[in-house]
């Protein structure tokens, strides 16, 4: 009876083949047809600007500290007004795992993730992006965000002298 079981196995295989031969193909012809990623898809990292056109990055090193694979490096410096900025900013995309922790850690929304997933190069050194490669002209996902307009500037006034700031509490005056 092995001939009958062999024939049954072949017939089952042919039936499955004929059943699937007229269905729509699941394969996407990638270079010609590009799939649209999900709305919250995280891929290429960019550095955004504030609404005035200046850099949002204040070189706080939080993104570098949050990165689990240590692919972000930078050097901080100050301009003439005392505002901190990154003299150079570098991301090694050959090491990046696109987890998004750097974008979550950034207090000024300078680092944002885009859905651009076509990052491939023949030379691995071309995957190391400098600040000039990462900076975009726009404000990113939240164009009205300008909360940290004065981030990185040292406080020159005494406590309680700023706008909408209350006088500090004298703890010794509260003691019995």
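Every residue, even glycine, has its Cβ placed from backbone N, Cα and C.
Under the heading domain '4Fe-4S ferredoxin-type 1', Swiss-Prot lists 45-77, citing sequence analysis as support. If one looks beyond the domain '4Fe-4S ferredoxin-type 1' (45-77) by at least 6 residues along the same chain, the residues whose Cβ comes under 8 Å of a Cβ in the stretch are 83-93, 95-99, 101-114, 131, 134-140, 143-146, 148-149, 151-152.
Around the Cβ of residue 63 ([4Fe-4S] cluster 1 binding site), a 10 Å sphere holds 24 further Cβ atoms from the protein chains shown. Secondary structure at residue 63 ([4Fe-4S] cluster 1 binding site), taken from DSSP and collapsed to helix, strand or coil, is helix. Taken from Swiss-Prot, the feature [4Fe-4S] cluster 1 binding site applies to 57, 60, 63, 106.
Residues annotated as [4Fe-4S] cluster 2 binding site in Swiss-Prot: 67, 96, 99, 102. Its Cβ placed at the centre, residue 99 ([4Fe-4S] cluster 2 binding site) has 14 other Cβ atoms within 10 Å.
Outside the domain '4Fe-4S ferredoxin-type 2' (87-116), and at least 6 residues removed from its termini, the chain residues within Cβ reach (under 8 Å) are 37, 41-48, 55-60, 62-77, 124, 127-131, 134, 140-142, 145, 148, 151. The domain '4Fe-4S ferredoxin-type 2' annotation in Swiss-Prot covers 87-116.
Taking the centre of the Cβ atoms of 67, 96, 99, 102 as the [4Fe-4S] cluster 2 site, the nearby residues of that chain (Cβ within 8 Å, site residues left out) are 45, 63, 66, 68, 69, 71, 72, 97, 98, 100, 101. Nearest neighbour of residue 67 ([4Fe-4S] cluster 2 binding site) by Cα distance, taken over the binding-site residues 57, 60, 106: 106. Helix, strand and coil content of the domain '4Fe-4S ferredoxin-type 2' (87-116), in residues and according to DSSP, is 5 helix, 9 strand, 16 coil. Each residue contributes its Cα atom, and for residue 99 ([4Fe-4S] cluster 2 binding site) and residue 60 ([4Fe-4S] cluster 1 binding site) these two points are 20 Å apart. There are 20 other Cβ atoms within 10 Å of the Cβ belonging to residue 60 ([4Fe-4S] cluster 1 binding site). Within 8 Å of the centroid defined by the CB atoms of 57, 60, 63, 106, the record's [4Fe-4S] cluster 1 site, lie the Cβ atoms of 58, 59, 61, 62, 64, 102, 105, 107, 108, 110, 111, excluding the listed residues themselves.
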